């Protein structure tokens, strides 16, 4: 089997010409001379993937080691790290296999290569979907902890968290299997795009509401201690910057990939869209970058997790 038949790179079937979406592919002379294609070296792609793997393995191992971190919040963080780990691992594995095939160091047998490609695509796609779900779950967990603080432990119990986690994983695997099987149907692509937009809106609404509550709380404290208003304004500005960074990273890392899916449906033959299609590997690299950033935002900022990680690393040395 030719190497090109395996080079899909995570849903890479979208990077080729789907049969049910007519004439997605364009001839090279139709894309125009000004088409910008950002080439991602395999070495850089592998390096980012390995960094993400190490980070997320540390998060999962640290949470598993410390029983004090077996709360619903840390369960969601652990599952997010596991999802990001699978995203990175799937891409790294696929890239390594592609490089081995290109170097003729691995025999390309259709009976083995194609099923392996399908398995990698399902694992990577399901981990991407679950990663988005767990980002939403973490946002909802924080929201409940702020607005229902007194009832939090009765609302977000460990059994309920485990049920939610199991439901997310099962739904992610089922949806991803259908997506890989019917990737050439526009409705399937649109469902995935709508899912991303729903997660984006959910996170934006929850975090904006949490920021507003935090500002009100800071204002109340300032009035209680007869502080000056600039203190409250400074707190609000800091919170707004944090919120912008949080949602901005999410949108910048995930948005281009889902823009790619949207354009496949809306303008498969337009030269400008075809130029965007050429940067598919760049969009995957941004997702890997998100898998690197997630532990920094959601895991390593927590003091208990950092302390456990430090103790583990110290003992290992």
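Each Cβ is built from the backbone N, Cα and C atoms, and glycine gets one as well.
Annotation source Swiss-Prot lists N-linked glycosylation site at 29.
Residues or ranges marked as S-palmitoyl cysteine in Swiss-Prot (evidence: sequence analysis): 315. Annotation for residue 315 (S-palmitoyl cysteine): no same-chain Cβ neighbours under 8 Å separated by at least 6 residues are found. Reduced to three states, the DSSP call for residue 315 (S-palmitoyl cysteine) is helix.
Look at Swiss-Prot and you will find 1-37 (among others) tagged as topological domain 'Extracellular'.
Helix first, then strand, then coil: DSSP counts for the topological domain 'Cytoplasmic' (64-72) stand at 6 helix, 0 strand, 3 coil. Positions annotated as topological domain 'Cytoplasmic' by Swiss-Prot, on the basis of sequence analysis: 64-72 (among others).
Annotation source Swiss-Prot lists topological domain 'Extracellular' at 94-118 (among others), citing sequence analysis.
Beyond its flanks by at least six residues, the topological domain 'Cytoplasmic' (141-163) meets 70-73, 75-76, 206, 209-210, 213-214 of its own chain at Cβ-Cβ distances under 8 Å. The topological domain 'Cytoplasmic' annotation in Swiss-Prot covers 141-163 (among others) and is backed by sequence analysis.
Residues or ranges marked as topological domain 'Extracellular' by Swiss-Prot on the basis of sequence analysis: 184-191 (among others).
Taken from Swiss-Prot, the feature topological domain 'Cytoplasmic' covers 212-240 (among others).
The feature topological domain 'Extracellular' is assigned by Swiss-Prot to 267-279 (among others).
In this model, the topological domain 'Cytoplasmic' (301-317) carries an average pLDDT of 82. Residues annotated as topological domain 'Cytoplasmic' in Swiss-Prot: 301-317 (among others).
With a threshold of 8 Å between CB atoms, the same-chain residues lying at least 6 positions outside the transmembrane segment (38-63) that come near it are 69-70, 74-75, 77-78, 81-82, 84-85, 87-89, 91-92, 95-96, 99, 279, 281-282, 284-285, 288-289, 291-292, 294-296, 299-300, 305, 308-309, 312. Per Swiss-Prot, transmembrane segment is recorded for 38-63 (among others).
Summarising the annotation, Swiss-Prot assigns transmembrane segment to 73-93 (among others).
What Swiss-Prot lists as transmembrane segment is 119-140 (among others).
As annotated by Swiss-Prot, transmembrane segment applies to 164-183 (among others), with the evidence given as sequence analysis. Proximity of distant same-chain residues to the transmembrane segment (164-183), defined by a Cβ-Cβ separation under 8 Å and at least 6 residues beyond the stretch ends, is recorded for 11, 13-14, 18, 75-76, 79, 118, 121-122, 125-130, 133-134, 137, 189, 192.
If you look up Swiss-Prot, you'll see 192-211 (among others) marked as transmembrane segment. Sequence-remote contacts of a segment are chain residues at least 6 beyond its ends whose Cβ falls under 8 Å from one of its Cβ atoms, and for the transmembrane segment (192-211) they are 129, 132-133, 135-136, 139-140, 142-143, 146-147, 179, 236, 239-240, 243, 246-247, 250-251, 254, 258, 261-262.
Marked as transmembrane segment by Swiss-Prot on the basis of sequence analysis: 241-266 (among others).
Long-range contacts of the topological domain 'Cytoplasmic' (301-317) within its own chain (CB-CB distance under 8 A, at least 6 residues past either end) are made by residues 58-59, 61-63, 65-66, 68-69, 74, 77. Sequence-distant contacts of the topological domain 'Cytoplasmic' (64-72) (same chain, at least 6 residues past either end, Cβ-Cβ under 8 Å): 78, 141, 156-158, 160-161, 304-305, 308, 312.
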